[in-house]
Every structure is written in structure tokens, then in C-alpha cells.
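Here is the structure we will look at.
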Amino acid sequence: MNAVSDLSGRNDEVLIVRSTSTVSSPKIHPDFFTGLARGLGGALLFALPMLMTMEMWELGLYANPLRLLLLCLLNIPLLVGLAYRIGFERMTTWTQTLRDAAIALALGIVLSGMILWLFGLLSPELPFEHMVAMIALQAVPASIGALLGRSQLGMRSEEDDEEPGEYEGESGYFNELFMMVVGALFLGLNVAPTEEMILIAYKIVPLQTALILLSSIAIMHGFVYSVHFKGGHGVKQGAPWWNSLIRFTLPGYVLAFATSAYTLWTFERLDEASFTQMVTTIIVLSFPAAIGAASARLVL
């Protein structure tokens, strides 16, 4: 506040207010655009095998609409969880997490639609609801691949790779279980629609079924704890050898088994099958699903 004197000798006080506030505009980190490009590459890389699989085209035409809708709805929380862990940039708020999940879903839808059209599968004669179903089904693996691209195509720094592989506390434990579900679902989606799953289940005998189950668990455990892949885990010093098997590998296989059962049910591969045939088919699909779950612990 300054005093000002006029010719009559009267002093007037003039209040001078200086504003120091500035209008802030939200800024997007440059890593976001790099991650977005990698996400597009990841969606193409991981989803292209399914985009070029005839069974996936047919399922988009003939799959149960309610089961397909449920798969698409369940994909949303999976994307949110993935975005929180490996979004297009380092997450600081839930707003950014939800934004990245929405962008991954949009990338999956757009890329799936473009590739299916490019391959001549979205013709004008095809009913609109069938086109929507085909794109929606393909968008599930494509959207997951968009977020996996951040982890697999170089977004992580060397410092991140040097961090201890195993999380501490219960939140980290359930985080790893969640990642195993994502890995099992993603790899299971590659083969679940094919007729080979049913054919293998019909050809093998109970002994082979049991060996597939045991091999799945052994490979799943070995991937993470024995063969020293990058991102693998070591058994904690002083802990018995079976601790990691009971705590991680067996629960991970149960999740891979449940994910395989759900995937086969979604694609109507368990309809009209006997109980024994259903279990055998699920065990067959759990073989790649278990490998996908173990790989998720390594790379995510």
C-alpha cells in the first residue's frame, strides 16, 4: 500500500495489488507419447496372430453375445490394473491410470477394426452387430498388448530392471497374482479358440493328462526360480525350497486353470462335453496359460 500526496496536501492511500497466480495448464509428459507409440506397436505385435486366425473371425460371428459382453467387461478392470502398473507413462494419479486404460482400449478397437477391414473381413454385406462382435473380441488381446508394449518394447529403465523382482507385503503378493492372471488370459486367448485344444483332449489318455498337469507346474516354477531368466526370482535365504512353490507357483497354476476354464466357457468349447472331457480340455489349455502366467511374473 503506497501513500500519494496531491496539491491540496491530502494523502490518499492507493492499494496496489499484484497477482502472482498463474493459470496452470495440464502438461503431458513426453514419455506418454513415446509410450503411446510403443503401445500401438505392442497391440500390433501381440494381437496380430489372433487377427489372422480364422477361428477368431468365426467366434466374432457365432459366439454367445452375453459371454462375449462379459469378456469385454472383465477386460476393463484388467486394463486398469495393467495401466496402474505399466501405463504409457509413470502413474501418479488414478486419473492418469484410467486415461491410459481408456486409451489402450481405444487403440485395441481402432487397430482391430483397421486390420480386419484391411484383410477384407468387414464387408458391407456383413450385419453391423457381427462387425461389432468381431472387433470387440479382437480388441481384448489388442488392448492388453497395447499396455504390454510399454514393458516389452523398452519403456522400462535399467534401474527398474535392477529392482528386486519380488514384491514385499501382501499388496505386492496380490499384485503378482493379478499379473499371472493377465499372462494366463493373454496366452490362453491365442489358442483357446482353436480346434486343436479339443483334438488334443480327445487324443490323450489319463496318464498323459496327469503328466501335462505336472509339467505345467514344473515349467511354471522353473521359469521363475530355476533357469535364471532376466526378471526371475530367487528363493529367499533361509526359506525352505517349497516355500515359493506353495506361495506362488501352485496358486498361480490354480489361477491359470480357472482362467483357462473361463476362456473355454466363453468360446463355448465346454458345452455338451462330459465332466472328464471338460477337465482334460482345461488342463490342456492350462499348459500354455501356465507358461503365460510365469512369463508375466518375469516381464511385468
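Glycine residues also receive a Cβ, built from the backbone N, Cα and C atoms like all the rest.
Taken from TrEMBL, the feature transmembrane segment applies to 32-54 (among others).
Positions annotated as transmembrane segment by TrEMBL: 66-86 (among others). Sequence-distant contacts of the transmembrane segment (66-86) (same chain, six or more residues past either end, CB-CB distance under 8 Å): 97-98, 100-101, 104-105, 133, 136-137, 139-140, 143-144, 147-148, 150-151, 155, 175, 178-179, 181-182, 185, 265-266, 268, 300.
The transmembrane segment annotation in TrEMBL covers 101-119 (among others). Outside the transmembrane segment (101-119) by six or more residues, the chain places 36, 39-40, 43-44, 47-48, 51-52, 57, 75-76, 79-80, 82-83, 87-88, 134-136, 138-147 with a CB less than 8 A from a CB of the stretch.
Annotation source TrEMBL lists transmembrane segment at 173-192 (among others).
Sequence annotations record features per position, and here TrEMBL assigns transmembrane segment to 204-225 (among others). Long-range neighbours of the transmembrane segment (204-225) within the same chain, counting only residues 6 or more positions beyond its ends whose Cβ lies under 8 Å from a Cβ of the stretch, are 232-235, 244-245, 248-250, 252-253, 256, 280, 283-284, 286-287, 290-291, 293-295, 297-298.
Same-chain residues lying 6 or more positions outside the transmembrane segment (245-267) and placing a CB less than 8 Å from one of its CB atoms are 59, 63-64, 67-68, 70-71, 173, 176-177, 180-181, 184-185, 188-189, 192-193, 197, 216-217, 220-221, 224-225, 281-283, 285-286, 289-290, 292-294, 297. Under the heading transmembrane segment, TrEMBL lists 245-267 (among others).
Among the features that TrEMBL reports, transmembrane segment is placed at 279-299 (among others). Using a Cβ-Cβ cut-off under 8 Å and counting only residues 6 or more beyond its ends in the same chain, the transmembrane segment (279-299) has close neighbours at 151-152, 165, 176, 179-188, 190-192, 197-198, 200-201, 204, 209, 212-213, 215-217, 219-221, 223-224, 229-233, 248, 252-253, 255-257, 259-261, 263-264, 269-270, 273.
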